């Protein structure tokens, strides 16, 4: 095979995981704001109404929880300025697109360390997976949580570069990292340490001066976020949480005890990271390298590992109060994957000659296998996530019995692009079902409702089914309608993963039989409700309404304090 043909084949292979990642993203992404996304609407209003540049800069740099999300706000402002309205699906796309920056940087590192092009193949297979589903499908989180990693890692690379212009770029990237997410501040002391070890004294002075400026701007008028829990936890919980964080990538493996497996692999990765850090420090002190870029690679990898370990400390300390399982959440898995691909550099770069090809081939196979595990495991999460987003959007949009959409006449409402949602074609059917108890294609719906158990306690409605077997994706599935004299509510039937490996991988049966839903009274207005079933099976929709048999009591609502 000619060299050009080989390069083309490798390029096409690299595009496979990239194409799959963005195809799956496109399949489930929606232009629906989620939680913190609403703060971007408030920012646009404040920015556009600001009388002068002083007020505009205050809006851009305003604290959000414990972060300064300046970059996220600028991206939102860019999207609004370019298209005339803010679109949260586009925000997701920008954030997901930034993930390619890590793949590009790893090619630079491998190429400069004299590795062939095919050595890059394992990276996109492990880096771009559905394990990131929360960040993938959440506008602000995609820009912030993906962006801070990409900017921080590139800042550390540019910091230790030989070229002066690239170092100046590092100062800019470090500033952007700091004002993307709070852990971006770690780049400042880590960069200073790398320049000290280099040693680059003039650059170190410039870095320290810039760092002081960034810290002054960041902590000016800074206040502790009221959303964080009180830090009351034991040392054992902290250690477990730390290892969960580092080993969270392992949740996708098809084994029974995922949490224990994450803990074990987290401990192994921590020991690997400590070993790499100590070995790298020893080599840097000895300063015996075959070529100059090997030293730059060591400095860079040391910096990235310290960034990962430092971020783990910050996240675990501030979030362990919410529960240990929360540290396995998809939002934080990117750091576990970053640790893996840094380890890959230490495995591959020292290998010489004909030994490299079988090593890389084996790693490609393992990474591709993991990618399959990840998509199969987290597809249920992405499905449930979309269900949550769409039903919450329904409850905001239709607060009355007429099912007329709430007219958002505020300025914030006019700044956001509105998109059609699949359930809009249900609205006439809901009205019909309210009059005659059924509407649409209801074949099988009566049997489904009879096989479903509904339990009402003092604070919620619990719905369970163990026989529903549909494997249709995206918006297909069962939904629940609560109808009172004043309005409708819509809630999804969530699915669980199929733990039968044979059915999962050979028959693509992603979902276990049945579904469940817990509807808290705190989200409902007090009153009498009728419970209805909506079954969307592909293009077929059927609705079955019950009688006014559910009494919802007034329940105290828990509120989360924010500073935005």
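Heads up, the Cβ atoms here are built off N, Cα and C, so glycines get one too.
Sequence-distant contacts of the transmembrane segment (7-25) (same chain, six or more residues past either end, CB-CB distance under 8 Å): 1, 92-93, 96, 100, 103, 117-118, 120-121, 124-125, 127-130, 136-137, 368, 371, 375, 382. Residues or ranges marked as transmembrane segment by TrEMBL: 7-25 (among others).
Through the fold, the transmembrane segment (91-110) approaches residues 14, 18, 21-22, 25, 29, 37, 40, 75-76, 79, 117, 119-120, 123-124, 127-128, 132, 135-147, 149-150, 153-154, 157, 297, 300, 338, 341, 345, 348-349 of its own chain, all at least 6 residues removed from its boundaries and within a Cβ separation under 8 Å. Per TrEMBL, transmembrane segment is recorded for 91-110 (among others).
Taken from TrEMBL, the feature transmembrane segment applies to 117-133 (among others).
Residues or ranges marked as transmembrane segment in TrEMBL: 139-160 (among others).
For the transmembrane segment (167-198), the residues of the chain that approach it from at least six positions outside its boundaries are 61, 66-72, 143-145, 147-148, 151-152, 154-161, 204, 206-208, 210-211, 214-215, 218, 281, 284, 299-300, 302-303, 306-307, 310-311, 314-315, judged by C-beta separation under 8 angstroms. Sequence annotations record features per position, and here TrEMBL assigns transmembrane segment to 167-198 (among others).
Per TrEMBL, the feature transmembrane segment maps to 204-220 (among others).
For the transmembrane segment (232-252), the residues of the chain that approach it from at least six positions outside its boundaries are 129, 131, 258-259, 261-270, 273, 308, 312-313, 315-317, 319-321, 324, 327-329, 332-333, 335-337, 339-340, 370, 373-374, 376-378, judged by C-beta separation under 8 angstroms. Per TrEMBL, transmembrane segment is recorded for 232-252 (among others).
Listed by sequence, the residues of this chain that lie at least six past the ends of the transmembrane segment (258-284) yet keep a Cβ under 8 A from its Cβ atoms are 197, 240, 242-251, 295, 298-299, 301-302, 305-306, 308-309, 325, 328, 336, 339-340, 342-343, 346. Annotation comment: TrEMBL describes 258-284 (among others) as transmembrane segment.
Non-local neighbours of the transmembrane segment (296-320) in the same chain are 66, 109, 112-113, 152-153, 156-157, 159-162, 182-183, 186-187, 190-191, 193-194, 197-198, 228-229, 231, 233, 237-238, 241-242, 245-246, 270, 273, 276-277, 280-281, 283-284, 289, 326-327, 332, 335, 338-339, 342, 345-346, 349; each lies 6+ residues outside the stretch with a CB under 8 Å from one of its CB atoms. The annotation transmembrane segment is assigned in TrEMBL to 296-320 (among others).
Annotation comment: TrEMBL describes 332-351 (among others) as transmembrane segment. Long-range contacts of the transmembrane segment (332-351) within the same chain, counting only residues at least 6 positions beyond its ends with a Cβ under 8 Å from a Cβ of the stretch, are 102, 106, 109-110, 113, 115, 119, 122-123, 126-127, 131-132, 135, 145-146, 149, 153, 245-251, 266, 269, 272-273, 276, 294, 297, 301, 304-305, 308, 311-312, 315, 359-360, 363.
Residues annotated as transmembrane segment in TrEMBL: 358-377 (among others).
Only pairs six or more apart in sequence are counted, and the transmembrane segment (358-377) with the transmembrane segment (139-160) gives fewer than three Cβ pairs under 8 Å, not enough to call it a contact. Under 8 Å from some Cβ of the transmembrane segment (117-133) lie the Cβ atoms of residues 6-7, 10, 13-14, 17-18, 20-21, 24, 99, 102-103, 106-107, 110-111, 146, 249, 251-252, 330, 333-334, 337, 340-341, 344, 348, 356-357, 360, 363-364, 367-368, 370-371, 374-375, 377-379, 381-382, 385, all in the same chain and six or more residues away from its ends.
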